[in-house]
């Protein structure tokens, strides 16, 4: 039997843009994606600390430093400047899950990784 576990998260990222006319997804700065072990087109859950919204979308690689942009319908669920948590999950065997540690990336208000 497999269980779903937290795989990684980007904690307290700041929304830098919201593009209603884009096809969909969340655009994330490539360096943040790498730090959080996120792949392009991977499904993620977005938790908006400002308004309590929780929704799912998928990742698109961003090019701008610190970029966190919600696209398409998801753009209606956030405001620029909102603080969000970007979460990914993974299914794994219970035995592996007992020893698994998720990747947690803490960022500042400019979406720079806190060392």
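If you go along the chain as it appears here, the first residue is 1 and each next one adds 1.
For all residues, glycine too, the Cβ spot is worked out from N, Cα and C.
Secondary structure at residue 25 (pyruvic acid (Ser)), as computed by DSSP, is strand. Long-range C-beta contacts of residue 25 (pyruvic acid (Ser)), restricted to its own chain and to partners at least six residues apart, with a cutoff below 8 Å, comprise 57, 58, 59, 60, 71, 72, 74. The pyruvic acid (Ser) annotation in Swiss-Prot covers 25 and rests on sequence analysis.
Among the features that Swiss-Prot reports, active site, schiff-base intermediate with substrate is placed at 25.
Here Swiss-Prot flags 57, 72, 73, 74 as substrate binding site. Classification of residue 73 (substrate binding site) by DSSP places it within a helix.
Here the Cβ of residue 58 (active site, proton donor) has 16 other Cβ atoms within 10 Å, regardless of which shown protein chain they belong to. The annotation active site, proton donor is assigned in Swiss-Prot to 58.
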Candidates 73, 74: member of the binding-site residues with the richest Cβ shell (10 Å) = 74
Using the residues the record lists for substrate (57, 72, 73, 74), what whole-number Å value is the largest Cα to Cα distance?
-> 10
